[in-house]
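A.B. asks: One structure follows; several queries about it will come next.
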Amino acid sequence: MQTSFKALSLSYKTAPIAVREMVSLNEIGCKNLLDKLKEFTSAQEVLVLSTCNRTEVYYSAETDLSKEIIKLIAIEKGFLATSAIAPYFISLQNHDEAVRHLFNVAIGLESQVVGDFQILNQVKNAYQWATQADTVGPFLHRLLHTIFFTNKRVSNETAFRDGAASVAYATVELVEELTQQMENPRVLMLGVGEMGSTVCLNFQKTRIKNVVVANRTHHKAVELAQRANATSIYWEAIQEEIALADVVISSVPGDCFQISPENLPANGFESPKFFLDLSMPRSIAKEVATLPNAAVYNIDTIKNRATEALEKRLASVPAVEQIITESIEEFQNWVQETGFTATVQQFKNRLEEIRQQEVARALKKLSGQERELLESVTKNILNKIVKLPVLELKAACQRGESDALLEGLSSLFQLEKQEA
């Protein structure tokens, strides 16, 4: 029976943005870490989740692998000393705590903007990468599909998903506020990943209509521009466009691209220009704010602008937590029943071996009709012997009291122990 699920978490709750940048992993980084964990640790059923606000590893193991995992994260990020990052990680060694934490993260209870729906897509991506890396077994498969079903319940049964209180929407609302005195403000969107695409598409619901999109892969910028009624430009033209834009939004990771005072006018700008950095690592240097008429907002300073939606979501939290609790109970019942079913099957197999051995001794002395009768009678006896213990075990399983009984049954009949 699975009892060793654990989690290692670094998030906006425990670490400033500079530290989160140090451990932030892109898709390749997540896949590399999965491979390293398979090769160099005893971790089983591994999931690596890395977003703007958190880097987490979920795994199954009999011992605490936090130190090994942090070291492998550091190696993947290109530095050996872990002292700069280790204090910011929280290790959840209790199985139930780790399970609930993954539920809370995936549903959005742990998001910087409560109820952020994008986190579920990020969890799905992490699940896909883990599946491709062959680090997902029956336990994690069942757990994640239970979470996905729980999300549907939350959406259908509560107001937790009402409104658009995501980081992307918060960005759009902030842009509206910053440009409310401007006529037809011009917005430049750099990067068309999930965050950038969501921001652009949300602009369609606002008065912001003059949106320009740029991406290193130009055809992706063209595709998004068509969907968002925006204009696309080539990446090589972004410096000229920055000069024209009132608002510059970047969702391009800072290890690929940087906006800094060195590539902006030294004397600043004639009119207010706002730089919004949604990327991780940051791609807009904080020193840009020192230029005349320039202001910089990073992902930690972008606050929730959808107050009404946020209030609804916060009011729905108790109902969401109740749904999660119900889902966890169902999942834990499945975990219990998985161990129960395997042990019961071994019990039946053991009795069947005994039955066949004893029947075989008598078959040579019996006629064909007598053999059939003996087979039928002994099978019926076996089924009746098994029935009562199985019913009692099932009832104990539902009460959460089956461990001792299963252990006793395994010991009495010398059954193989199931791996945790």
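Placement of Cβ uses the backbone N, Cα and C atoms for every residue, glycine included.
Grabbed the feature section from TrEMBL, which reads as follows:
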type     : residues                                       : note
DOMAIN   : 9-158                                          : domain 'Glutamyl-tRNA reductase N-terminal'
ACT_SITE : CYS52                                          : active site, nucleophile
SITE     : HIS101                                         : site 'Important for activity'
DOMAIN   : 173-303                                        : domain 'Quinate/shikimate 5-dehydrogenase/glutamyl-tRNA reductase'
BINDING  : GLY191, VAL192, GLY193, GLU194, MET195, GLY196 : NADP(+) binding site
DOMAIN   : 320-415                                        : domain 'Tetrapyrrole biosynthesis glutamyl-tRNA reductase dimerisation'
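So that I understand the layout, could you describe where these features sit and how close they are to other parts?
C.D. replies: Contacts of CYS52 (active site, nucleophile) defined by a Cβ separation under 8 A and a same-chain sequence distance of 6+ are given as ARG20, SER24, VAL167, MET195, LEU278, SER279, MET280, ILE299, in order along the sequence.
Taking the Cβ of HIS101 (site 'Important for activity') as reference, residues of its chain lying under 8 Å away and at least six apart in sequence are, in sequence order, ALA7, SER9, LEU92, GLU110.
Long-range Cβ neighbours of GLU194 (NADP(+) binding site) (same chain, at least 6 residues apart, Cβ-Cβ under 8 Å): GLN118, ASN121, GLN122.
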A.B. asks: May I have the list of same-chain residues other than GLY191, VAL192, GLY193, GLU194, MET195, GLY196 whose Cβ is within 8 Å of the Cβ centroid of the recorded NADP(+) site, in sequence order?
C.D. replies: SER197, THR198, VAL199, SER251
A.B. asks: If you count Cβ atoms within 10 Å of the Cβ of MET195 (NADP(+) binding site), leaving out that atom itself, what do you get?
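C.D. replies: By my count, 23.
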A.B. asks: If you skip the near sequence neighbours and keep only those at least six away, which residues in the chain come within under 8 angstroms of GLY196 (NADP(+) binding site), Cβ to Cβ?
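C.D. replies: Result: MET189, LEU190, VAL213, ASN215, LEU224, ILE249, SER251, LEU278.
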A.B. asks: Which secondary structure state does DSSP assign to GLY196 (NADP(+) binding site), in the simple three-class scheme?
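C.D. replies: In the DSSP reduction, GLY196 (NADP(+) binding site) maps to helix.
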